[in-house]
Every structure is written in structure tokens, then in C-alpha cells.
Amino acid sequence: MNAAPVPILLTQRRYARVATPENPLVLESGQRLTDVTLCYEVFGRLNPAGDNAILVCHALTGDSHVAGRYRPDDPKPGWWDDAVGPGKALDTDRYCVICSNVLGGCQGSTGPSSVNPATGRPYGLDFPLVTVRDMVRAQARLLDLLGVRRLLAVIGGSLGAMQALEWAATYPDRMRGIIPIGGAGRFHPQGIAFNEVQRQAILNDPGFLGGQYYGTPGPVRGLATARMLGMITYRSDESMWTQFGRNPQGEANPLHQGFAVAYQVESYLHYQGRKLVERFDANSYLYLTRAMDLMDLGRGRGSYEEAHARIQARVLAVGIRSDLLFPTYLQRETVELVRASGGRAEYVEMDSPWGHDAFLLDFPLIEEPIRRFLQELEAEENA
């Protein structure tokens, strides 16, 4: 007999106003945002106690569409469909899974492309700098509106892992556990360096127009180039040998191509650059990469070590063997610092060749550890 077809998980974007003139969002910088909307999606149902929710935090160019489809005929599901859904590790029959687009983003949440209520035109570079802590504080307001009393867990990869750690330090009693994947409580110097080169590609594009390029093509070449460099940091040498090797693009003979695309790996990078330009705002790219640079769990908390002592949640830190952007010593350090202050933390390493993007491309490698961790948290909650 043929297996029954798997039902399509349908979802929709929702919007919540989390800051108003009467209740502004005060940022770490001291600046205020008086009108903030977050775009979010919900999968599964929140239980009456309000304690079965899992917050998924997305990476740099992600959005709220973590899983499912908006329509049955959508060609592609959300960006982490392997992880979220009925019977999956983040089981929507069991948990209420919530994902929001971050503050400063461009996929429905307030960011530099949003209209500045003071001027009636897009903020552009008048938008204040935001930090990961600011993102988390905005998310906390959203969860309050949704009736979430206590999170079962916060999970995310890359920038999402930074958010998970910030959640545990800012709101120590609001979750039972966190699962930061390929991230850290502060960005390392090489990561900041990668981000600065990407930003310069955007800032030096003649189409940038001081950040007020809305209504024009914008800095398309700069954003595409930034994405090309970013993609290099998301993969590994091993994965590039496997996927591309030194293979020429099509029938091209590299000896006769001059500086045109000659190799498959070059073609891939150009393709990724073009794809991002179609769906992402260059200003958001600037703001979110800077938020990663500014990430420092210890800021205002005495020291980096003291910040980890604030964490009461259980921690499952996931490293990726081949990660160039967030090397595994960073996740091991997180575990050591939490344990040093008496907290509970464990480390799991993905033995994947796919580099930083392995949490998206090789999720089955960590499905069982995550499923087990969540079930243990649930058992503790019900004990």
C-alpha cells in the first residue's frame, strides 16, 4: 500500500505592533522607536498554561517563514521545513512554534526600509542602530501579546544563535532551555572583518545614494557582491571541492574566458548574489551585520563571564566541524562558561562538511539531539 500523503503545513504572515508613542521601544543606544511592528508566523497551538512555545530565531537574511507554505501550490516551503512541522523535531502537534522577522529586517518588521513617521518617507540611514539585545526585547513584547508565559526553548542558528543566548541572559527566567547553533555570545574579530568588507561593497556602490535609494534600482551590485562574500563564509573548502571542484562553467575554457565567469563556483556565487538582491534590502544588510558585530553578551553586565552566569536555562550548544564563520571553539567556550557558574550545558558537534550553513543543509545530523533535549525540557516542566 502507498503511504498516505503528508498534509501540507499552511501558514500566514501576521503582524503585531510592539511599540507605540505611548510605549516606545528604548534601544541600547538610548534612542527610541515609537512605532514598531514585527512580522511573525505561528505553527501549532499555545497551551492554556502558555508554556509550550518554542521561539525560532532566524539568521542574517532569514525571515518569519521558517516552515510550511502560504499556499498549497507554493514551490518551496519555509527555510527550516526539515525541522518544524508535525512529527518533526520541533513538533507542531506538541509545541507552539513562533518565528518573527527581527527588528531592523525587511520582511515585514520595522527596519530602515519602513516609513519614518516623522518624515513620511523611508528611514534609510536615519534608522537607529539596533543590537541583538534590542531585537530580543522587541520579541519579548511580541510574546507578551501572544500570551506566552514561559518559553520551552529558544533556538536559532548564526545570528539566531546570538539571539538565543541574548534571550537567556536578558530574560533568565523566561525559558527552560536554549539551543544556539553555530553562534556565540560575541562576534570574533575575523567575523567583524568579513562583515566590514561586505558593508563596504554596498556603501561604495554609486546606487547607494546615501541610503535613500528607495524608488531607484538601489545598490544592486554592492549587495550582490556582499552576498557573494557572505556565501564563501557560509561554506567550507571541503564542501566547495565536493560541489564544484575546479570544474569550468558549461563548455567554457578558462584559458579563453578572460575575466568572465569561467568556473562553476564563480557562477554559483553570482547566482546567489542575484537571488538576494531580489528579496532583501541593502540597508537591512548593513544594520543586521553591524548588529552581529555589536553582539557582546557581557556589555553592561560586568564581564563576558558574568553574563554567562546569568543564564538559568539549560543549554544545548551545537557546533559545526567545518564552520569558518563561527568556529567550534566558540560553542565550546559557551558551554565551559555556563558550567563554570554552575549552569547546565552540553555540546554537540555536527560532523558536516557543509560549513556554517550545515544547520540548514544537514539538519538530520542534529535532529535527534534536539528532539531529545526538547523532550527532556518538557518532562522537567511537567515534573
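Each residue, glycine too, has its Cβ placed from N, Cα and C.
Per Swiss-Prot, the features are as follows:
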ACT_SITE  SER158  active site, nucleophile
ACT_SITE  ASP323  active site
ACT_SITE  HIS356  active site
BINDING   ARG227, ASP357  substrate binding site
DOMAIN    52-362  domain 'AB hydrolase-1'
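The two recorded residues, ASP357 (substrate binding site) and ASP323 (active site), have Cα atoms 8 Å apart. There are 23 other CB atoms within 10 A of the CB of ASP357 (substrate binding site), with all protein chains counted. Cβ neighbours of ASP323 (active site) (same chain, under 8 Å, six or more residues apart in sequence): GLY182, SER236, GLY355, HIS356, ALA358. Rounded to a whole number, the C-alpha distance linking SER158 (active site, nucleophile) with ARG227 (substrate binding site) is 15 angstrom.
DSSP assigns ARG227 (substrate binding site) to a helical segment in the three-state reduction. The Cβ of HIS356 (active site) has 27 other Cβ atoms within 10 Å, all protein chains considered. According to DSSP, ASP323 (active site) is assigned to coil rather than to any helix or strand.
Within 10 Å of the C-beta of SER158 (active site, nucleophile) we count 27 further C-beta atoms, all protein chains included.
According to its DSSP assignment, SER158 (active site, nucleophile) is coil.
Following the DSSP three-state reduction, the secondary structure of ASP357 (substrate binding site) is helix.
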